[in-house]
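Student: To start, I am sharing the structure in question, which I have written as structure tokens.
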Amino acid sequence: MTKEKIVLAYSGGLDTSVAIQWLVESGYEVIACCLDVGEGKNLDFIKEKAITVGASESYTIDAKEEFAEDFALIALQAHAYYEGKYPLISALSRPLIAKKLVEVARQEGASAIAHGCTGKGNDQVRFEVAIHALAPDLKVISPVRDWKWSREEEINYAKEHNIPVPIDLDNPFSIDQNLWGRSNECGVLENPWTTPPEAAYDLTVSLEDAPDTADIVEITFDAGIPISLNGENMSLANLILTLNEIAGKHGVGRIDHIENRLVGIKSREVYECPAAVTLIKAHKELEDLTFVREVAHFKPIIEQKISETIYNGLWFSPLTEALVAFLKSTQKFVNGTIRVKLFKGHAIVEGRKSPNSLYDENLATYTSSDTFDQDAAVGFIKLWGLPTKVSAEVNSKVTITTEV
């Protein structure tokens with residue numbers, strides 16, 4: 001009898017390695033699928049490990065460029081910070097992983113997809129909603145959520161089935177990383193009063209250890225897309241990874257955040273996102289230079305909403321599609337170069353230029369070259385203040401009598 005095929009989102013870690021064996025024992029033929037979205041995974045090692053622990057097939061996909069161009073770029077152009085602080089690191093990669101899982105499932109004729117999320121986090125929602133949006137007919141299984149084992153029980157199961165237990169299993173932190181940044185939780189970080197230890201960080205240095213000399217970078221954008229760093233053209237993925245190194249060594253992009261999770265609890269998260277913070281700041285400055293006032297004032301409303309829909313696992317929803325369409329329509333004239341100083345945890349914009357700049361120095365100056373017609377201000381003020389003046393005149397005639 002042919003076994004039912006299931007595609008597992010495989011990381012190479014303990015949870016998903018145990019999940020392979022558990023699914024095999026449950027009667028499935030397991031096909032492992034692992035993506036590299038910029039965290040520097042050893043895909044060859046992970047591919048072999050999946051087969052070793054029981055998968056019949058193992059897919060490894062280098063998805064860095066697709067992640068950068070189709071997902072991180074949207075977050076950049078949306079200046080996406082969930083609750084004003086979190087630049088959607090993990091939330092951005094989940095829809096791409098779900099998309100690839102569905103593609104492999106279709107290719108292999110699988111009837112189900114499995115993931116390694118617990119029942120306590122946001123990722124279970126993101127994966128399952130995305131999978132159902134792309135393939136409503138596929139079943140979704142969550143072994144880790146279903147078996148409800150303790151960590152000790154999971155380790156014992158692994159040892160009984162000769163599943164390699166990672167040497168860093170005693171790492172107190174739960175870490176997720178992609179090219180847009182690194183997230184860290186658990187361990188001592190669960191106490192919101194505790195100062196995060198330096199061991200919690202990897203992409204950034206402390207302010208005390210940051211250089212005493214700044215780095216100056218120039219980032220050039222074409223239609224809102226970063227295309228070069230310091231005059232060197234490079235792919236978006238490489239630009240982000242390069243900027244992570246440069247900004248990270250200056251301690252840029254450390255975020256300590258109490259976060260309202262989708263599942264209803266608060267969590268304490270520590271993030272590192274040096275490139276994301278730097279690029280968002282630079283992009284915002286270029287928009288300030290090239291946007292008309294009305295678009296500049298309205299776009300933050302869209303930014304807040306798209307941050308929420310992405311965080312809440314609704315990437316493949318009609319609302320997100322509509323929000324992204326608006327976003328892209330605003331980027332046509334976001335062209336130019338931004339100069340940023342990176343120093344002691346700060347990304348400071350020091351210069352900006354654009355062929356589409358709406359800044360007119362002759363209108364802004366207070367020198368003799370001023371071309372602004374100040375006489376026009378009199379009529380403008382009369383019309384602009386007319387509703388306020390009429391309201392004051394009407395209401396000043398109303399006598400309010402208060403009985404004591």
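Heads up, the Cβ atoms here are built off N, Cα and C, so glycines get one too.
Per Swiss-Prot, the features are:
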- Ala9, Tyr10, Ser11, Gly12, Gly13, Leu14, Asp15, Thr16, Ser17, Gly116: ATP binding site (BINDING)
- Tyr86, Asn122, Arg126, Ser174, Ser183, Glu259, Tyr271: L-citrulline binding site (BINDING)
- Thr118, Asn122, Asp123: L-aspartate binding site (BINDING)
Student: How many whole Å apart are the CA atoms of Ser17 (ATP binding site) and Thr118 (L-aspartate binding site)?
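Tutor: So the alpha carbons of Ser17 (ATP binding site) and Thr118 (L-aspartate binding site) sit roughly 15 Å from each other.
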Student: Give the helix, strand or coil assignment DSSP yields for Thr118 (L-aspartate binding site).
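Tutor: It is coil.
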Student: With a 10 Å radius around each C-beta, find which of these binding-site residues (Ser11, Ser17, Ser183) has the fewest other C-beta atoms nearby.
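Tutor: The binding-site residues Ser11, Ser17, Ser183 were compared, and Ser11 has the fewest Cβ atoms within 10 Å.
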Student: Same chain only, sequence gap of 6 or more: which residues have a CB within under 8 Å of the CB of Thr118 (L-aspartate binding site)?
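Tutor: In sequence order, Gln124, Val144, Arg145 meet the Cβ cut-off.
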Student: May I have the list of same-chain residues other than Ala9, Tyr10, Ser11, Gly12, Gly13, Leu14, Asp15, Thr16, Ser17, Gly116 whose Cβ is within 8 Å of the Cβ centroid of the recorded ATP site, in sequence order?
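Tutor: Neighbours found: Val18, Ala19.
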Student: Considering the binding-site residues Asn122, Ser174, which residue's Cβ sits among the greatest number of other Cβ atoms within 10 Å?
Tutor: Asn122
Student: Using Ala9 (ATP binding site) as the reference point, find which of the binding-site residues Asp123, Ser183, Tyr271 has the shortest Cα-to-Cα distance to it.
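Tutor: That would be Asp123, nearest by Cα distance.
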Student: What is the set of residues, excluding Thr118, Asn122, Asp123, whose C-beta falls within 8 angstroms of the centroid of the C-beta atoms at the L-aspartate site?
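Tutor: Checked against the 8 Å cutoff, the neighbours are Cys117, Lys120, Gly121, Gln124, Val125, Arg126, Val263.
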Student: How long is the line from the C-alpha of Ser11 (ATP binding site) to the C-alpha of Ser174 (L-citrulline binding site), rounded to the nearest angstrom?
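Tutor: Approximately 13 Å lies between the Cα of Ser11 (ATP binding site) and that of Ser174 (L-citrulline binding site).
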Student: Tell me, how many other CB atoms lie within 10 A of the CB of Ala9 (ATP binding site), whichever protein chain they belong to?
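Tutor: Ala9 (ATP binding site) is surrounded by 24 other Cβ atoms within 10 Å.
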Student: Under 8 Å Cβ-Cβ from Asp15 (ATP binding site), six or more apart in the same chain: what's there?
Tutor: Gly116, Val144, Glu154
Student: Give the residue from the binding-site residues Tyr86, Tyr271 that has the most other Cβ atoms within 10 Å of its Cβ, counting over every protein chain displayed.
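Tutor: It comes out as Tyr271.
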Student: So, three-state DSSP: helix, strand or coil for Tyr271 (L-citrulline binding site)?
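Tutor: In the DSSP reduction, Tyr271 (L-citrulline binding site) maps to strand.
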Student: Which of the three DSSP-derived classes (helix, strand, coil) applies to Ser17 (ATP binding site)?
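Tutor: In the DSSP reduction, Ser17 (ATP binding site) maps to helix.
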